[in-house]
Amino acid sequence: MLPQRPQLLLLAGLLSLQSVLSQECTKYKVSTCRDCIESGPSCAWCQKLNFTGQGEPDSTRCDTRAQLLSKGCPADDIMEPKSLAETRQSQAGRQKQLSPEEVTLYLRPGQAAAFNVTFQRAKGYPIDLYYLMDLSYSMVDDLANVKKLGGDLLRALNDITESGRIGFGSFVDKTVLPFVNTHPEKLRNPCPNKEKECQPPFAFRHVLKLTDNSKQFETEVGKQLISGNLDAPEGGLDAMMQVAACPEEIGWRNVTRLLVFATDDGFHFAGDGKLGAILTPNDGRCHLEDNLYKSSNEFDYPSVGQLAHKLAESNIQPIFAVTKKMVKTYEKLTEIIPKSAVGELSEDSKNVVELIKSAYNKLSSRVFLDHNTLPDTLKVAYDSFCSNRVSQVDQPRGDCDGVQINVPITFQVKVTATECIQEQSFTIRALGFTDTVTVRVLPQCECQCREASRDRGVCGGRGSMECGVCRCDAGYIGKNCECQTHGRSSQELEGSCRKDNSSIICSGLGDCICGQCVCHTSDVPNKKIYGQFCECDNVNCERYDGQVCGGDKRGLCFCGACRCNDQYEGSACQCLKSTQGCLNLNGVECSGRGRCRCNVCQCDPGYQPPLCIDCPGCPVPCAGFAPCTECLKFDKGPFAKNCSAACGQTKLLSSPVPGGRKCKERDSEGCWMTYTLVQRDGRNRYDVHVDDMLECVKGPNIAAIVGGTVGGVVLVGILLLAIWKALTHLSDLREYHRFEKEKLKSQWNNDNPLFKSATTTVMNPKFAES
């Protein structure tokens, strides 16, 4: 029984998905009250003795409350456990913004238990603020101003709370290429101006633990020097992960935790480490050594989702103080990281104090109610009832904006189990605040029935009565423990109740009693289940006109098939045994070219209903009937000697009949026969009417054809020779005329111009002088 404590508030948490009138109980293989409760949120169990009749299964006891009452089950005998919620309020004297402190839920599968959570924003709640600054060279002006901020930051916190503390940390990037220049000289002084004193690059340095000493803040921050790196994105997510993962080193208290992230550029995230050959995923653990993140070159950057989970787990609210050009980038980041804000930082960070105050007021005035990770068997939904009259229903987390100090808001939390669960707990909290609600979850799957009875008259003295059902002793089975197993196992007994080695006993519609199926009595009116394996019934047959087998007048259903009365036929007894609609004018059923089914012709392929007379796509059988036509009409052809036997199915008509098919084919002598085919009832049965006259064409004159062909060839040859001779003569004549013209043009004398004398005379000039 559920514990009864006067100091606990008991809330009924049944949240049905449908109204009572539309509730249904879908049950399958139900034999106990627990099985029934697990079947659905609307199922109830009747524990009344002898509630089930002969052949009725124990699952009859499982139904909706309304159905059980209508079947005669007394209301006191109906077992219907409900999901419940018990809450314990916060202890007096403790400042709590979230109540109640503890909730115990008893969950029935499919039914939700609901309870209210109240949040009241307190004034002056303690705050820890950690200032995380980008020390890349582009932030040189900002560092000079931040060094003077210690007193202003604490004064700003004291305006909000009586207990405020501040801390400081800085970051640059991983110290490998391509993120920083790894040249030894550049590692000593990464700044572009060599005259400027800079510190070597680093991933994250924890400078000052959270403190309320503003002088110490200014002293420690004043010692910081600017640094530098190569690429534009910085290693800020690496630093934020260490701030969240190292609570003892940072000095976080269990109060409101703010992380101010100041930068003028973007950020590296998971996967970027591969550029520097860093392949190991970020493990989300603390790796500070001497206040330095020395393992940064061993682990990749964290993903945004991983960082968001770690910040929420550590209850840290980030405030991104970024320059104007980066505001939109970090606004996208706040959509993924809950309870985070963005503020526009001036170029020299002079407005950082006002930025933090504005962001804190924005964060603290919005409340997100959420829970830690749950198994798939538990579902949680939130209804938010905010002070500004805004309501949200069935959301994955509670959400209220514009929450004012000391003005309570209410969230209704609904928890549903999808099955009978093990005892477990989970925590609900308002993100960014320290208070939590512990929820303890217990299963509500057992029925508180009357105590078990060993009444011999009910269970034959061989078992006990539990929730109206006999639980038999070893060696006995049956509804009233009437069957003795004689040492046989239940598997052996059930084997004879399975059809064709099926895994379902008695087709799922009966109980195996002493190795035989006892079929259930169906909930469906007039339905009877029968058969050796309860495989048959009288309703699962084809229907006609909305009735099984067309109704009792047409036929009855026997084990899935209709048995029709004498006047009807068909798979659903939908047809009258008549052929009137299938007879043609000659009284032949479907013209002999089909079968009559349900008084409608089912024609042979090609023929068309309603009477299978026409076959538009069938080939004309003219050529096939040409031999019979020739022998019947002209007593000649290939069938002339046995015409009556070969053409007995074809009748010769003396006069033409309209509507026949005209044919024109050659006979055995080459003459054309013209005849008309008229189809009779049946396939390939025709009458034929033949024209009296044949069209015989005289044969060709072979001698004339041959003589003409030879003569034509000879004449063509002679003509071609004459043409060739004429062309040759014309060509020779043209050449002769050209020769005559050339001869007339020549100027030759009697000497041959080509002749050269064989003697040469040479005159000596000196001979003449002498």
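Each position is counted from 1, following the chain as shown.
Cβ coordinates are placed from backbone N, Cα and C, and glycine is handled just like the others.
For 1-22, the entry in Swiss-Prot reads signal peptide, with the evidence type similarity to another entry. The pyrrolidone carboxylic acid annotation in Swiss-Prot covers Q23. Taken from Swiss-Prot, the feature domain 'VWFA' applies to 124-363. Annotated Ca(2+) 1 binding site per Swiss-Prot: S138, D141, D142, D264, E347, in sequence order, evidence recorded as similarity to another entry. Residues or ranges marked as Ca(2+) 2 binding site by Swiss-Prot on the basis of similarity to another entry: D173, N229, D231, P233, E234. The domain 'I-EGF 1' annotation in Swiss-Prot covers 449-482, and the record cites sequence analysis as its basis. Among the features that Swiss-Prot reports, transmembrane segment is placed at 702-724. Swiss-Prot lists 725-770 with the feature topological domain 'Cytoplasmic'. Feature annotation from Swiss-Prot assigns phosphoserine to S746, S757. If you look up Swiss-Prot, you'll see T759, T761 marked as phosphothreonine.
If you take the C-beta of E234 (Ca(2+) 2 binding site) and look for same-chain residues 6 or more apart in sequence within under 8 angstroms, you find D134, S136, F171, V172, D173, T263, D265, G266, F267, H268.
Across the structure, S757 (phosphoserine) and D231 (Ca(2+) 2 binding site) place their CA atoms 104 angstrom apart.
When Cβ-Cβ distances below 8 Å are used as the criterion, the transmembrane segment (702-724) is approached by no residue of the same chain that is at least six residues removed from its ends. Considering other CB atoms within 10 Å as the measure, the emptiest surroundings among the binding-site residues D231, D264, E347 are those of E347. For D142 (Ca(2+) 1 binding site), other Cβ atoms within 10 Å of its Cβ number 25. Summarising the environment of T759 (phosphothreonine), the number of other Cβ atoms within 10 Å of its Cβ, over all protein chains shown, is 4. The recorded positions shown are N229, T759, T761; of these, the one with its CA atom nearest the CA of D264 (Ca(2+) 1 binding site) is N229.
Closest in space to D141 (Ca(2+) 1 binding site), of the recorded positions given as Q23, N229, P233, T759, T761, is N229, taking the CA atom of each residue. Just so you know, of the binding-site residues D141, D173, the Cβ with the fewest other Cβ atoms around it within 10 Å is the one at D141. Here Q23 (pyrrolidone carboxylic acid) is compared against the binding-site residues S138, N229, D231, P233, E347, and the shortest C-alpha distance is to P233.
Annotation note: S138 (Ca(2+) 1 binding site) sits in a helical segment as assigned by DSSP. Here the recorded positions are N229, S757, and the one ringed by the most other CB atoms within 10 angstroms is N229. Here the recorded positions are P233, T761; the one with the fewest Cβ atoms within 10 Å of its Cβ is T761. With N229 (Ca(2+) 2 binding site) as the anchor, the candidate recorded positions are S138, D142, E347, T759, T761, and the one with the nearest CA is S138. All chains included, 17 other C-beta atoms sit within 10 angstroms of the C-beta of the residue listed as 'pyrrolidone carboxylic acid'.
Of S138, D142, E347, T759, T761, all annotated as recorded positions, the residue with the shortest Cα distance to D231 (Ca(2+) 2 binding site) is S138. Cα of D142 (Ca(2+) 1 binding site) to Cα of P233 (Ca(2+) 2 binding site): a span of 18 Å.
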